[in-house]
Amino acid sequence: MFVLAELKDTVRIPPWEFKRKLNDAITDELNRKLANKVYHDVGLCIALHDITKIEESYIFPGDGASHTKVVFLTLGFFEDIVIPPHKLQHPSRFDQMEQAWVWEYDTGDGEKHDLFMDAGEIIRFRVISETFTEALPTGPNMSGETETSEAKNTSPYSLGGAIDEQGLGLLTWWENT
């Protein structure tokens, strides 16, 4: 899922970058600063999308770089959306042969129709929780062993979802209604 977020920051442009256009220097610096970083309520920042406002630049004593306040849009992304089994349409079951969840839809005449939830399908879901986990940077393991800690596998930003209401679930389920 992609998200556009408006952020504000002061961008430091070193003196050797003064020969470039200000927009280009700011764009490169913001991309260097934002790319692959996780921000609270935004997610994983992919890249700068657009600069919406550039204020005056200042040079502080003892620092030859310019400091410019910038308002910009960033493109964020996260893929950690978890829908627990009890938040699926009822009744649902996991089909071992197909390796997919199946909603046993009651057609109203006593028959059940299996609606498969295949991986990669587009769904509509309700957000029920949002989790932001601040991860501290870790250094290399001095013993040379690979680290398999739970902290390494924890996503910095995730959503909990539900599809247990009318109109939620795979979009193909509701196309002809």
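Numbering starts at 1 and runs along the chain as displayed.
Cβ from N, Cα, C; glycine included.
All TrEMBL annotations are machine predictions without curation.
Taken from TrEMBL, the feature compositional bias 'Polar residues' covers 140-157. For 8-64, the entry in TrEMBL reads domain 'RNA polymerase Rpb7-like N-terminal'. The feature domain 'RNA polymerase III subunit Rpc25' is assigned by TrEMBL to 67-174. As annotated by TrEMBL, region 'Disordered' applies to 136-158.
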**Report entry** Averaged pLDDT score, the domain 'RNA polymerase Rpb7-like N-terminal' (8-64)
**Finding:** 87
**Report entry** Tally of residues which DSSP labels helix, strand or coil - the domain 'RNA polymerase Rpb7-like N-terminal' (8-64)
**Finding:** 16 helix, 25 strand, 16 coil
